Amino acid sequence: MSKSHAAYIDYALRRTTNMPVEMMGSDVVRLKDYQHFVARVFLGLDSMHSLLLFHETGVGKTMTTVYILKHLKDIYTNWAIILLVKKALIEDPWINTILRYAPEITKDCIFINYDDQNFRNKFFTNIKTINSKSRICVIIDECHNFISKSLIKEDGKIRPTRSVYNFLSKTIALKNHKMICLSATPIVNSVQEFTMLVNLLRPGSLQHQSLFENKRLVDEKELVSKLGGLCSYIVNNEFSIFDDVEGSASFAKKTVLMRYVNMSKKQEEIYQKAKLAEIKTGISSFRILRRMATTFTFDSFPERQNRDPGEYAQEIATLYNDFKNSLRDREFSKSALDTFKKGELLGGDAIAADISLFTELKEKSVKFIDVCLGILASHGKCLVFEPFVNQSGIEILLLYFKVFGISNIEFSSRTKDTRIKAVAEFNQESNTNGECIKTCVFSSSGGEGISFFSINDIFILDMTWNEASLRQIVGRAIRLNSHVLTPPERRYVNVHFIMARLSNGMPTVDEDLFEIIQNKSKEFVQLFRVFKHTSLEWIHANEKDFSPIDNESGWKTLVSRAIDLSSKKNITNKLIEGTNIWYSNSNRLISINRGFKGVDGRVYDVDGNYLHDMPDNPVIKIHDGKLIYIF
C-alpha cells in the first residue's frame, strides 16, 4: 500500500509549494531540504495527526519541530502547544530555539517535565485550562523516555505516566489534534517499546501479537504495508555504535577503540567481594556493585546489608575523605605530565614521588588512570562518560583530574544550576582546542539533548544496558557541523570503550554488558528497518507509480487498518548448504560473531538472518586460531 501513501505525500507537497524555507525571529535560519520536506508533508496533510521524527542526533529535529509549530496557524487559527520534555532540556534547546526563531508562539506553549513526580496531575490540570475551540499540538521530546515511563511494571503496577499515554492515544486523532514524537533512539530496552510507540502514533493498529519468532520478524511486509507514513527517518549512520564510520563534509570521522585494562590486585579483591555481596542481597542482575568496583575501589569494601543507612553513608564519607586527604598537596611534576602528553609511561629514571603517586592511583582505579593518560595525550577536547556520580564515580574522578592537572567541567545531577553555562563556555570558539577547558565529564544527565563541539576523544567508563544509550552518548559529539571550527586534520572523534579485565581470564561485568547489548541489537535492527521503509522519505523516493489525488479524505482509513501477524506468512524454513564462519564488522575485531556462508555466497548471522553477499575478495584476519571475515 506504499503507493497509496506516496499519493498523499505528493498531495501534501503540492499544497505547500509556497511554504518558506527560512525561519525568521530574532535570527534567521535556512532549513535543510530534509527538514523542509517533513514539515511540508506534516502540515500539508491536516489529517496526519501524528508523526515520529526518527532523526539521528545532531541533524536538527528540534529546529524542524519549531518550524512546524511556527506554521501551525497556516492550517488552523487557535492552537495550544504542549511540550513534554525532560527538565534538563526545557531551557536549552527548546525555549532558546523558540525565542530565537519563533517567539510569536511562546504565548501558546506549555512546558511540562515528564520527569516530575507530579507530571500526571500537571498534565491534566493544563488540559482542563485549554479553550475548547483550540486544537492541541503535543510534542514529546526523547519519546523513548516517555514510552519507558509508561510501561507497566513487572509487578503489574501501572505508572502515573501511563494515564497520559492512554489519553493521548485516544484523543489526538479523535479530536483532530496533532502530535510529534522525537527520538534518535525510539527503541531502547525491549520490543514492547516498539508496540507502545506504534499504538501511540496509530492507536489500536498493533494489538497483542508476537512480533518475533526465533528472533526474526514474523511478517515485516505486513508491518511496512500498514504503517506507511509512520515516521520521518533521517539516519545517516546505520552502522553499529561499535563500527568505524568515515567522515563527510558535515560529520566527523568516528573511530572505535576498545581499551582493555587489567584490574589491580586490590581491585580484583574488592570486585570479588562486590560480586558476593550482590548475590547475598539479590541484586546480582543489576551488577551495580561490580560495575562500581571495576571503576574505583577504596581500601576496603563497605558492606551495606543489614546496616543502618546513616552508618553506611558515614563509612563511605570517611573512606572518601581519607582518599581525598591522601592526595592533599600532591600532583605530578611537569616532567611527568610532559611524558604523559607524549603518550608514554614513566620510566625508571622518573622522580620517585611521581612513580609512587602513579602506583597508588593505579591500584585503586586502572580505568581512571587510563582515562587521564588518554586525555593528556589527546590533541583536542575530550568527553568522559561516567554514570555514577558519588562514591566511586565522578566525585572521585575529579580528584584524579586535579592530580593530573586536567581542566574540566561537570554535567551531572550535582551541577543543575551551573551546567548549561559551563557547556556554553566549553563550546566557545576560543576553546576549540581545549586551551581553557580540556574535558567535560558527564553522567546520564548529559546523555541526551545537549551538543558538544570540536570533540576529538570520548571515553566511556561504564557500559550501558543498550546500544541506544551509547548512541546518544556518542551523538553528543558527532553532530551536523560539530567540527566546522576544528582544523581539517582533527575532524575526527575517537570513541574509547574502557573495559576492565580479570587476571584469570573470566569475563567481567563490562564484557557481560557488551554481550547483552549485542544480543538486543539483533531484534532492534529489524524494527529499525521497518521504521526506515515506512518513512515519508523512503516512500517518496521509491514509490513513483501512483495516481495523484486532490483531497485527503481517505488518509484516516488508510492509516487506521489493523495489523494482522497471525498468518506468519513470511516464515519459511529452508535447509541451506554451506559452512560455518566467523566474522567481524571491525578491522580491529572489536566483536567477533558466528555466522554461516551458503554455497551461493550469501552470508547469514547465527539466527539465520541474511546479512549480505560474500565479497569476491574478502578481507580475512587470523585471531586465536580462527579465520575472521571482515565485513
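Cβ coordinates are placed from backbone N, Cα and C, and glycine is handled just like the others.
Feature motif 'DEAH box', per Swiss-Prot, maps to range 141-144 of the set 141-144, 225-228, 469-472, 521-524. Taking the centre of the Cβ atoms of His55, Glu56, Thr57, Gly58, Val59, Gly60, Lys61, Thr62 as the ATP site, the nearby residues of that chain (Cβ within 8 Å, site residues left out) are Ala184, Ile234, Arg479, Leu480. Cβ neighbour count for Gly58 (ATP binding site) (all protein chains, 10 Å cutoff from its Cβ): 19. In sequence order, Leu53, His55, Leu182, Ala184, Ile234 make up the list of same-chain residues 6 or more apart from Lys61 (ATP binding site) whose Cβ falls under 8 Å from its Cβ.
Across all of the motif 'DEAH box' (141-144), the predicted model scores a mean pLDDT of 96. Proximity of Val59 (ATP binding site) to non-local residues of its own chain (separation of 6 or more, Cβ distance below 8 Å) is seen for Lys32, Tyr34, Ile234, Asn236, Arg479, Leu480, given in sequence order.
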